[in-house]
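The following features are taken from TrEMBL:
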- 182-260: domain 'Wax synthase' (DOMAIN)
- 36-53: transmembrane segment (TRANSMEM)
- 60-79: transmembrane segment (TRANSMEM)
- 122-140: transmembrane segment (TRANSMEM)
- 152-177: transmembrane segment (TRANSMEM)
- 226-246: transmembrane segment (TRANSMEM)
- 258-276: transmembrane segment (TRANSMEM)
- 288-306: transmembrane segment (TRANSMEM)
Amino acid sequence: MELLRDSFPMVSLAVSAAALYSRAASSRLRPGFPRFAALLPVAVFFAAAPLSFTSGNIRGTAGFFLAWLGVFKILLLAAGRGPLDPTLPVHQFVFTAVLPVKLSRRNGEAGSTASNKAKSTSLVSSAVKLAILVALLKAYQFKDQLHLYVRLALYGIHIYCFYDFMLPCIAAAGRALGMEMEPPFDQPYLASSLRDFWGRRWNLIVSAILRPSVYEPVRARAGKAAGAFATFLVSGLMHEAMVYYITHEAPTGEMLAFFLLHGVSCVAEALCSRLWAARGWRTPPRPVATLLVVVYVSATAFWWFFPPICRDGRDDKLLAEWAAAAAFLVNAGRKLLGLA
């Protein structure tokens, strides 16, 4: 791994080569153990590649791209499932294997019209998210004067805006290569239930991977409740892994507890919803339901999601990296414009 140490070109080249090997091997081997044995080294490499970076932010992002989504895509490919298919064109296969995207199934004139509207909306949304990120970086200069929960709320907004800015940019690059992508988020702040939040609005790229790899197999054998709980269990374990990539510290189990709680909560919510409907009771107004979802997700995140990242000044290190990256981009922009 020393050869790849903090080298974006080398890591990108090695990861792309691994993806190309996966396509070649899977095109020659049927789904099953032979294909799994051939692809297992790629999964191991994808899990190890993020550790070649020294920046916690970059390790975490690369861990999300490769060690989580990439590994799951490769394992699904070994079983003949998931978004990867050896019949895909080379550039689409590599793009899908190494980046957090989901190819769209839309086609035809109607799909093109919807796509153009989505592009326009995505451009405006990305500009708004970028403006919010800039404002947050300014606000962090005064974070020591803010209440803990206010600071954690800003971190939550930061995470959402960062990924909802970055992922559409990646999708735009895919469109430039002739691919149509599904949106990564669907206004999660408007969710009317926990199931709506996790299953239909928040990080749809992850949902698209966990559904065929965890939820559907478990549901087929043990029912919907077991499938939902297993999905949150796996998500919790993978978030514990992401904490390790970001901090290089041993997991504490808090992330796992957060997702297990939400797994139980979603199962209980589904049961209560059926009982509520059976009794003929009116559902709460949508604004009230949305507020309850936001409060519940935020409160539980304050208790269990953020502490592993923020403990012992870890958030200060991550924010320092963000400040350094912002300063670098500003200076680079000034040089390009001839202002420096």
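Each Cβ is built from the backbone N, Cα and C atoms, and glycine gets one as well.
At the 8 Å Cβ cutoff, the transmembrane segment (288-306) and the transmembrane segment (226-246) share fewer than 3 close pairs (sequence separation 6 or more) and do not count as touching. Counted as Cβ pairs under 8 Å, contacts with the transmembrane segment (226-246) are highest for 258-276 among 36-53, 60-79, 258-276.
Helix first, then strand, then coil: DSSP counts for the domain 'Wax synthase' (182-260) stand at 61 helix, 0 strand, 18 coil. Per-residue confidence over the domain 'Wax synthase' (182-260) averages 94 (mean pLDDT, predicted model).
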